[in-house]
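Under the heading L-tryptophan binding site, Swiss-Prot lists SER91, LEU92, GLU100, TYR206, citing similarity to another entry as support. Per Swiss-Prot, the feature substrate binding site maps to ARG115, LYS202, TYR204, ARG271, LYS273, TYR275, TYR358, TYR423, TYR427; the stated evidence is similarity to another entry.
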Amino acid sequence: MVATPDDPRAQTIVDLFNGQGSAPAPFDVLTSALSFPTRDQEQWWRKTGPMFGQMLASSGYTLDQQYRHLTFYYNQLVPRLGPHPATFHSSLTVSGLPMEFSINYQQKGAHPMVRIGAEPIDSFSGTERDPFNQIPPAEMVNHFSRAGVKGFDPELYAYFEPKHSLTREQQARLPKEVPGGDKLKTQYAFGFDFKGDEVSLKGYSYPGLKATMAGQEVAKLVGDGVKDLKNQGKLDCTEAWAAVEAYMTELNGWGYHNLWAWDYVSPAKSRLKFYSFVMDVVDKTKLEELWTLNGRATSPAHQEGLRHLKELWDIIDLKNVGKRDLPADAPQIPEDAAPMVWNYEMTAGNPLPFGKGYFPLQGLNDAGCIQKLVKFFELMGWKDLAAKYPETIQSFYPGLDLSKTSHLLMWVSYTYSEKTGVYLSIYNHPCPEK
């Protein structure tokens, strides 16, 4: 919905086209012209939209692209974020909010890429009518299937959804049988990558929960799907999966925490990703084991990636961060532990998976984390980024003293490939007053 010609808000647009006044940010222009069908949507837009807009601007998107992606956010995501304040705890994010923002930096990329992770929510999510929020994700898939989003293909969602979804009986048992199960009610989520003019989508599911509640082995549930996709002639990642499966068994990495991910493209072009959690990465020897799947993935690209990963490990220094400032109701991390999330990416025709490590920053002083990231940027030779980064992050959170906060930077993830070189993503809290 837009402002009508006699609406005083429309004057802002007229002034801009007439060259009067200084040009406001795209978010402000849109806000002056748009209207909202509900107060919830208006609140999500006003609370999170400025940061998304600033991320786009600071990452080098053209003015046209900023308007394009902000409009996408307004039209496609804001209406699907549910009540404000949030009433459903999403297990996709550390904050429990239905979305998180991140920026990806690539050694061989043109400019940073802004991303959003989101779980669509509505007012019934978490209630007895839809306790595990299964309906809004399905509706979002159906919507994008009809919306003409370039390259969007729902086939893998249609394949995995019936295999990874909890039944109502399993949903009823989960809070009692899984630690923290009362907050583990996310079934499906989405990732949005804003690449130039386009938006690409990723999907996430929770086969670990399904296998646990169904009395199955996670390895069999996921592995059977990988093999079946090959047998159907749609996607062959069986060799890479065999390496992941063998290493997860050695690591004892199976459990209710396992996530799964794919791309919303034709299956043959999709990546598959398997996620696990390691409570304590004790040293760089363990780090190397995780990166190479205990010697199973040692290509030249893996070795070069390992070199930079060790540099990042030394700088972040998870083993010596001290006590984290975490909410009382959040899982508490022992001071001497170095927990990490890992995923392993598999693609058709490549027998070697590539790992990605996630360093948790939540509970650590934000200004201190920023300085560590600046140090890594300098080590990589990213001088302009290093010089501007503190100011850039401050622009996301105007009015906050980042030397006194510890919840704005959530994660930094690292991977490497021949195509991208170092591939670093930093995850930010989208609504810090939460």
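Even glycines carry a Cβ here, placed using N, Cα and C.
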Any idea what DSSP makes of TYR206 (L-tryptophan binding site), helix, strand or coil?
coil
Validating a neighbour-count step here. Other CB atoms within 10 A of the CB of TYR204 (substrate binding site): how many?
22
Does anything in the same chain, at least 6 positions from SER91 (L-tryptophan binding site), have a Cβ under 8 Å from its Cβ, and if so what?
LYS183, LEU184, LYS185, THR186
Closest to TYR206 (L-tryptophan binding site): which of the binding-site residues ARG115, LYS273, TYR358, TYR427, going by Cα position?
LYS273
Tally every other Cβ atom lying within 10 Å of the Cβ atom of LYS273 (substrate binding site).
20
Translate the DSSP assignment of ARG115 (substrate binding site) into the three-state scheme.
strand
Cα of TYR204 (substrate binding site) to Cα of GLU100 (L-tryptophan binding site): how many Å, rounded?
14
Counting only residues 6+ away in sequence within the same chain, which have a CB under 8 Å from the CB of GLU100 (L-tryptophan binding site)?
LEU92, THR93, VAL94, ILE116, GLY117, ALA118, MET410, TYR427, ASN428, HIS429, PRO430
When you look at SER91, LEU92, GLU100, TYR206, which the record names as binding L-tryptophan, what is the longest CA to CA distance in angstrom?
18
If one looks at the chain holding ARG115 (substrate binding site), which residues at least 6 apart in sequence have a CB under 8 angstroms from its CB?
PHE101, SER102, ILE103, ASN104, GLY191, PHE192, ASP193, PHE194, SER425
By a 10 A CB contact count over all chains shown, which of the binding-site residues listed here is most packed: TYR206, TYR358?
TYR206
For substrate: widest Cα to Cα gap among ARG115, LYS202, TYR204, ARG271, LYS273, TYR275, TYR358, TYR423, TYR427 in Å:
21
